[in-house]
Amino acid sequence: SLASKPCCDSCLCTRSIPPQCRCTDIGETCHSACKSCICTRSFPPQCRCSDITHFCYKPCTSS
């Protein structure tokens with residue numbers, strides 16, 4: 001399934017070294033590698049991962 005593989009379509013990084021990157025994708029769940037997932041109480045929920053990493057995951061959508 002899509003949720004099991006860590007991926008991100010919209011990733012923002014700072015210009016620092018190492019970069020601080022955050023995935024801004026919003027979906028019904030967060031990817032499997034996400035440690036800090038924040039969801040709204042709406043239905044369906046809108047979740048995003050608030051983890052900060054030094055890299056971006058591969059894009060979820062194959063364009």
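Backbone N, Cα and C define each Cβ position, glycine as well.
Since we're looking at a predicted model, the values are computed, not measured.
According to Swiss-Prot, the feature disulfide bond maps to C7-C60 (among others), an assignment based on similarity to another entry. C7 (disulfide bond) counts 19 other C-beta atoms within 10 Å of its own C-beta, drawing on all protein chains shown.
Residues or ranges marked as disulfide bond by Swiss-Prot on the basis of similarity to another entry: C8-C23 (among others). Under 8 Å, Cβ to Cβ, and six or more positions away along its own chain, C8 (disulfide bond) finds C23, D25, H31, C49, C56, Y57, K58, P59, C60.
Under the heading disulfide bond, Swiss-Prot lists C11-C56 (among others).
Neighbour count (other Cβ atoms within 10 Å of the Cβ, all protein chains): 17 for C21 (disulfide bond). Here Swiss-Prot flags C13-C21 (among others) as disulfide bond, drawing on similarity to another entry.
Counting every protein chain shown, the number of other Cβ atoms lying within 10 Å of the Cβ of C30 (disulfide bond) is 22. Residues or ranges marked as disulfide bond by Swiss-Prot on the basis of similarity to another entry: C30-C37 (among others).
The disulfide bond feature in Swiss-Prot is assigned to C34-C49 (among others).
Taken from Swiss-Prot, the feature disulfide bond applies to C39-C47 (among others), supported by similarity to another entry. The number of other CB atoms found within 10 A of the CB of C47 (disulfide bond), across every protein chain shown, is 19.
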